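Only one structure is covered here, and it is reproduced in the block below.
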Amino acid sequence: MTATATPPASRSRTPLAPAAAAPGGPRRQTGRHLMLGGIALLWLVPLLWAVYTSLRPYSDTTRHGYLSWPRSISLQNFSDAWSQSGMPHFFWNSVLITVPAVLGTLLFAAAVAFFVSRFDFRWNVALLMLFTAGNLIPAQVLITPLYRLYLLLPLPAWMSDSLLVYNSLWGIVFIHIAYQCGFCTFVLSNYMKTIPKEISEAALVDGAPVWRQFLQIVLPLCRPAFAALATLESIWIYNDFFWSLVLIQTGDKRPITSALANLQGQYFTNPNLIAAGALMTAIPTLLVYFALQRQFISGLTIGSGKG
Amino acid sequence: MSTVRTASRSSSRAHPRRSRQRSLGPGDRLFLTVVVGIPLLALLVFVWLPALASIGLSFTSWDGLTLSDIHWIGLDNYHQIFTNYPPFWPAVRHNVFWLLFTALLPTPFGVFLAYQLDRKIRFTRIYQTAIFMPMVLSLAVVGFIWEIIYNPDTGLLDGVISAVSSGHHIDWLGNPDLNLWAVLIASGWRHTGYIMILYLAGLKGFDPALKEAAALDGANGRQTFLRVVLPAMKPVNIIILVVTVMESLRAFDIVYVLGGGTGSKPGMELLSLLISDNIIGESSHIGYGSALAVILLLVSLAAIGTFLVQTFRKEDQ
């Protein structure tokens, strides 16, 4: 795990790899491709089926059954799902939750990681363990007292019209930050340990205050880790629906993932519309995944200890 | 709360110990206290305080309405759960079954795929992308995707079955003997890619010379993997074990969505769902739900502990 925790080391090993690739016989390679291709295709079937269903009009599928050749293909279901159910509004809620939560998580985690990895205070390991373990506690263990706590904590009117942390987007942002901070702290502190201490010691000798070391030296050097974590965390936070399911009462404040279940009964009355709605919800994460796949996977593997 | 104070106090106490570290000015110390104090406060208030409160509430009886109604009843909740709560033992059984299934099928399969993909073969990127894709989808979306496969009237599965052999429709998610399997397939669909990516990363750090040496000694693929690669990957193996255990214990979302979003259904009871059954909804038994949560926490602690020991043992040295 520590081998994967230091990206520079694993990267430097790549040039060796081509020499190591023992060429199997061409027949064995074909067999392997058939197997892997088959598995990959099998893995895509559920998704492709959803795409196929979503592209067909409801009238067509009722007449001919779902397992039939298409008589017509259109994006009508997507535009219906988009305009009838208020999906844009829920997407906006997701943005309002995801963006501050990711930024907050990274900022907090960076500060704690900096403290833990660049200084030799006595409680550092304990502190890091406290953060890391926090992320491993099952969410269901926290939810009851958290719900009660949210009903007690006030927020000013400009932040929450309920005047409470409960039933406000801020509440969801808070719990995401607190809960996800552990994982990011863990990854970032591993990363910061790979930055030579001499760099910041030189700055210290020059009389630079600690906050400048943090902002101007350490943070810029952590850019690759930030990119990886930001990708990973935005997908996780966007995808989450448990917190908002319990901590938000009003349906129209929910992010898209937890709103989806409500939309099913009210607006998405047939499987074609449901498929279209579900796929549209997935589009942002799929786009991020395709565009930033490298960051995503390296984020997952820098701290492959994500529980 | 007290930990905040100890942390900042220890920082001032600890720094004279260190000779290389030039003494921090008051401004530096204030900066460090603030930037660590705020996240720590957030962590303690929103994560550790609720976790401890759950433990406390598990010894009480409370309807969740007014705070003055909390009554201390000792171990009664636990006694009730173990002896007189019909869904409890099925839920435990299902959780164990979930763990065994995941540990025996998707996890080894993910490791197998990682081993197959960790060579210079063409299209490896495409294969990885396809198999890992379910992992980036929200479980809410995964739920809907499988819903339109399992649906007895309109789903793909029954469509295929009735095309091959006309006859009965199987209610995959409604039948209490089948629905856990149906959910496990959907969950394994996600889990395989996760394990594959984690293991691939581990294999990247594996010294290829060892594999070559084994090949020179005449070991075949299976022998090389079982005798050379697997033992050398011990840290990754532990991580994967912990991930598998944690995911099996925490399983909630996918069951919740495929169960129709109403709590636990016959055949699909899980500890995590029993907790929400007891604390959300009209008749909330907070103490009861908390006791269930504590049981879940205790079981998870084994996995959390293994993970922490594995991770931090090296750092203590």
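All positions are counted from 1 along the displayed chain.
Just so you know, glycine gets a Cβ as well, placed from its N, Cα and C.
No curator has checked TrEMBL annotations; they are predicted automatically.
Keep in mind that this is a model prediction, so the values were computed, not measured.
Taken from TrEMBL, the feature compositional bias 'Low complexity' covers A:7-28.
Look at TrEMBL and you will find A:91-292 tagged as domain 'ABC transmembrane type-1'.
Per TrEMBL, region 'Disordered' is recorded for A:1-28.
Summarising the annotation, TrEMBL assigns transmembrane segment to A:34-52 (among others).
Beyond the transmembrane segment (A:90-116), the same-chain residues lying 6 or more positions past its ends with a Cβ under 8 Å from any Cβ of the stretch are 124, 127-128, 131, 169, 172-173, 176-177, 180-181, 184-185, 187-189, 191-192, 214, 218-219, 222, 226, 229-230, 233-234, 237-238, 244, 252-257, 259, 284. Under the heading transmembrane segment, TrEMBL lists A:90-116 (among others).
Here TrEMBL flags A:123-143 (among others) as transmembrane segment.
Residues 93, 96-97, 100-101, 104-106, 108-110, 112-113, 116-117, 128, 131-136, 139, 142, 146-147, 149-157, 222, 225, 228-229, 233, 236-237, 240, 243-244, 247-250, 253, 255, 299, 302-303, 305-306 of the same chain, all 6+ positions outside the transmembrane segment (A:163-188), place their C-beta atoms under 8 angstroms from a C-beta of that stretch. Sequence annotations record features per position, and here TrEMBL assigns transmembrane segment to A:163-188 (among others).
Listed by sequence, the residues of this chain that lie at least six past the ends of the transmembrane segment (A:273-292) yet keep a Cβ under 8 A from its Cβ atoms are 50-51, 53-54, 58, 77-78, 80-82, 85, 87, 91, 94, 227, 231, 234-235, 238-239, 256-257, 260, 263-264, 267. Per TrEMBL, the feature transmembrane segment maps to A:273-292 (among others).
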